[in-house]
């Protein structure tokens, strides 16, 4: 097996697939492009590729050079996984194993776990023999290597000595017991670079060591060689995003339950009217729906957008018939007949039952201004993706379909207007995105000082609702995921508008928009030109809070963080003293209805932020799945054997009588350009020496 190990390319996709073939779970490999930028998130180790120029490399022996940084203590060396490279072309496997087998919080799988247990306490040489005699490792790594070309015998002797010494070598940098070690299989001992500072991560020290090695720190003239590569072994981002999505979806359900509980306490008449609506049969809903379409289309406030109201019959229906029409639209869009005409679905009251939470708020604004119906199918397709080995796409698709028409809410301003005027046939309208911007901005301002609890007193019963959140993400393995999803995802992958388009103020062209804002907030048109970038900043700031812990709504109406996620993929991070803030929402009978509206606005803004974070993480998860598919495609192209195709093509040229002419033409072109072919270049030097000796003798 000593001559059966093929060379591996320094490609993060190749190493990621190789880790999977080894049986390791929850690990991937990424390439580092900037050594001067701080590494985000946990890193298990670095794999560094550099040009190997030592003369002793050709003898394939372990170097015996020892300096002051070498660790010669056998107890320390044998207790870590450090193996001598005894097989050529195995440095990539040695570097990868040196990172994985020195980590305690990685699921190694059966193969590597058995090797780690078997070689515990072995010397580096014995561990090197263990790697060389593991057929599972050789088979896995050779399956991702490019097939070696078949060299002609005469070409082997023509390689110069300078080219023979040019080779590349993999080493690893791993943190072990508070110190940074460089593990090189061609050196007899590991190299200890010492501990890192208290105010920095181990990756910061590793980056400095690598920069000094390649000469970037001194910017010297001899260090202009850029033929090096650095890769990081990190946790699998797919699992991290799935865990975050699980927490966010649980929190979304919790906030929805809190909103429903609030409506039951503050406005019980809406719950009673909803029950009366559900008791009516679908047959009575159809004629009532047809009667109300014409008055809505001729409403004076909605004159600027008749097309939008004409296409959205289901969402613009009267309060008494909104539920059956929503069901009918959902079944017609999905193309699947409903199994039960009256299914038992957990719904929000009419106050919150007219908004589509599965749709982007910015897309709603654009659709409303453009006159496009809200039940468009392409809007929901941005979350549907599939992968052969991943099974989470089906759940996402079902959830998007269910929430598209079932979860809607009735705007609060219309409820106030109906209560004041006593009208029985009020108008329904969707809450505009510019009002959502104001809600998020107010919530952001209220949480600037997280040490001060926020108390909002409203009318209703005596129950108390306390929202316990975190002020910053916990320094656990998902420390950087929120920044990635909120900042990068919102700019590139989020269904929200891009910052360039969001820089324009929201459109106050419709009088309906102005009327809704005045009813909700009692303010003038100045709020209509809120910059959407402020909403994006609010979402980014609230992202670490709503996605770092799993909230639970108890029976007595209190939000509390769970100690462990029940049935979830991961438990929420631990709560440290001083790192949590309580937003207490009390229901008091002495206060008026204005405080109730402010509390509902806060919960709606929080719900919007949760939805935005879910959209961001779903986009990031989809990107990681697509990246993994591209890794497999590149691997198939790399490992495919093209010899059969080439031989078939050459034989076809020979049958057509074109091969001889092409070969002769190619040889003549190379001779004119001075390019040597075959043995012609090798025979010139001996001939030149034989002719020079008699020439010198004649002159003497």
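Backbone N, Cα and C define each Cβ position, glycine as well.
The domain 'UCH catalytic' feature in Swiss-Prot is assigned to 4-235; the stated evidence is sequence analysis.
Under the heading site 'Transition state stabilizer', Swiss-Prot lists 85. In the three-state DSSP scheme, residue 85 (site 'Transition state stabilizer') falls into the coil class.
What Swiss-Prot records for 169 is active site, proton donor, and it gives sequence analysis as the kind of evidence.
For 273-346 (among others), the entry in Swiss-Prot reads region 'Disordered'.
According to Swiss-Prot, the feature region 'Disordered' maps to 363-405 (among others).
Among the features that Swiss-Prot reports, compositional bias 'Acidic residues' is placed at 386-399.
Annotated region 'Disordered' per Swiss-Prot: 469-513 (among others), in sequence order.
What Swiss-Prot records for 641-669 is domain 'ULD'. Each residue in the domain 'ULD' (641-669) gets a DSSP state, and the totals come to 24 helix, 0 strand, 5 coil.
If you look up Swiss-Prot, you'll see 674-700 (among others) marked as region 'Disordered'.
The annotation motif 'Nuclear localization signal' is assigned in Swiss-Prot to 688-693 on the grounds of similarity to another entry.
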(request) Express the predicted model's confidence over the motif 'Nuclear localization signal' (688-693) as a mean pLDDT, rounded to an integer. (result) 54
(request) Could you state the whole-number distance in Å separating the C-alpha atoms of residue 169 (active site, proton donor) and residue 85 (site 'Transition state stabilizer')? (result) 11
(request) Ten-angstrom check, please: count other Cβ atoms within 10 Å of the Cβ of residue 85 (site 'Transition state stabilizer'), all chains counted. (result) 24
